[in-house]
Amino acid sequence: MTTFRIAPSILSADFARLGEEVRNVVAAGADIIHFDVMDNHYVPNLTVGPLVCQAIRPHVQVPIDVHLMVKPVDRIIPDFAKAGANIITFHPEASDHIDRSLQLIRDHGCKAGLVFNPATPLSYLEHVMDKVDMILIMSVNPGFGGQSFIPQALKKIEQARRLIDESGRDIMLEVDGGIKVENIAAAAKAGADTFVAGSAIFGQPDYKAVIDAMRTQLAAV
Ligand code: DX5
Ligand code: ZN
């Protein structure tokens, strides 16, 4: 049976109360904290860095999944590993040496992953499947929370699921962007097992009600 993981994105949390927000969302049933890092260069928005990752680390026991939307990536990887990240993913277009960046993440004791924008082909995976612990399919163009799910992402999730199954490796398949109670089952049916949701969870007053509703949807897949 597939283990489904819900990964709330702190992008839509109240940054003035971030410690409390991550504690509350984990108490509400979150499996992973998704930590969006934007640099106003690779994407047109600016968020938080390793200091904030380090600040929330003592508040939760669950894995912190750092989604790097920065270019270049290598210089900042060790800083996030030291700040308590467990998973670090990056966009292949943002690294000149994808294999080296994946290895760097693993050398620092973290799980490594590649992130695919809606128009980015999965062919980047061809020679690095053995170094990948997570594949993240973007179902919006990166940079902002609260955007609408791009349905073409479902085909790509199916394609990634096939590649993972063929590899025989234990690789998480995460989907990020516009995920809500209404479409989480479709993403799961396509093959995703890890679901990022920012505005759908932090935009509601009762985090547990949303996460429970998502799990009910997933249980029926
Ligand atoms: C977008 C980020 C997402 C974002 C998702 O660039 O990578 O993680 O926070 O937010 P929602 O769930 O609101 O689309
Ligand atoms: Zn993200």
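Using the three backbone atoms N, Cα and C, a Cβ is placed for every residue, glycine included.
In the shown protein chains, 23 other C-beta atoms lie within 10 A of the C-beta of Gly178 (substrate binding site). The feature substrate binding site is assigned by TrEMBL to Ser9, His67, Gly143, Phe144, Gly145, Gly146, Asp176, Gly177, Gly178, Gly198, Ser199.
Taken from TrEMBL, the feature divalent metal cation binding site applies to His34, Asp36, His67, Asp176. Listed in sequence order, the residues of the same chain lying 6 or more apart from His34 (divalent metal cation binding site) and placing their CB within less than 8 Å of its CB are Ala7, Pro8, Ser9, Ile10, Asp65, His67, Asp176, Val196, Gly198. According to its DSSP assignment, His34 (divalent metal cation binding site) is in a strand.
Summarising the annotation, TrEMBL assigns active site, proton acceptor to Asp36.
Marked as active site, proton donor by TrEMBL: Asp176.
Sorting the binding-site residues Ser9, Ser199 by the number of other Cβ atoms within 10 Å puts Ser9 first. Considering only the binding-site residues Gly143, Gly145, the Cβ with the fewest other Cβ atoms within 10 Å is that of Gly143. Gly178 (substrate binding site) sits 14 Å from Asp36 (divalent metal cation binding site), taking the C-alpha atoms as the reference points.
The most densely surrounded of the binding-site residues Asp36, Asp176, judged by C-beta neighbours within 10 angstroms, is Asp176.
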